[in-house]
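Notes follow once the structure below has been shown.
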């Protein structure tokens, strides 16, 4: 049989190195930031809290996404052109369908846990019943969105084997996979915006210097930096052509943003917690600082606003974070 002729360089052209490089980088970043978080919590002898508990499954699923991204470049042809694989490695297309399915499941779960960790940290400072209710409801929405994404992915093809059949067969027996990937980011963007603005009224109302207030707000804004990658991912998926035209080649870029987004959520959830470690490294005893009120207490003091607007001092033995 005569093999088709491809343009020069097309057979060897691949975007796999980009995916492998990004995945490898995020493996290092994610493991490092969680180790730093654990070290920081040990420095202040903080007891295990819910925001810590949520971090560990976050790390597990984020690492799973990165590992799967690397694996699919090796066995599923991700990053190479679809027409080339049809000729030289058709078996890889079966693995591509299965890998894409697995990434959908991991992504839907991976974006949930770090956001729940951030919300759990909010509950430490929210004394106002209204804010606590909003936080719990928002956490429920985030969890429900993740579950809905998993269920939708599970039911996306009838029969299930259509996921790793020919593109023509999959088009007839599966939902529009590209549309699914596009719109699944929208709930993440909406919940990110709410998470960004939710603590601002309380933080801005604290009785402290403007400098300290702004610094405190910036720390909490850090918890929503995932919104940037979520918006970028949303845009990337809207600008790609149909996966059937050159899906394996396009999938490399799509996989990059699908592992970067939850990875950024994980980094955002951990960054505000490592300040005690930073202070220790740079020779400053974080236990001797309060909220710029001259306190030398061995505990952190949080200035919080209750519903009636009265200020309350509450000891934070869990070790959040600031001067």
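Numbering starts at 1 and runs along the chain as displayed.
Placement of Cβ uses the backbone N, Cα and C atoms for every residue, glycine included.
Per TrEMBL, transmembrane segment is recorded for 16-36, 48-71, 91-113, 133-155, 189-207, 214-234, 254-274. The domain 'Rhodopsin' annotation in TrEMBL covers 36-278.
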Under 8 Å between C-beta atoms and at least six residues away from its ends: which parts of the chain pack against the transmembrane segment (254-274)?
18-19, 22-23, 26, 29-30, 33-34, 36-37, 39-41, 51, 54-55, 58-59, 61-62, 65-66, 69, 72, 78, 103, 107, 110-111, 114-115, 117-118, 121, 181, 185, 188, 219-220, 222-226, 228-230, 232-233, 236-237, 240, 319-321
Per the Cβ under 8 Å criterion, with at least 6 residues separating them from its ends, the transmembrane segment (48-71) contacts 19-20, 22-24, 26-27, 30-31, 34, 37, 41, 78, 99, 102-103, 106-107, 109-110, 113-114, 116-118, 120-121, 123-124, 255-256, 258-259, 262-263, 265-266, 269-270, 273, 318
Please average pLDDT over the domain 'Rhodopsin' (36-278) for the predicted structure.
85
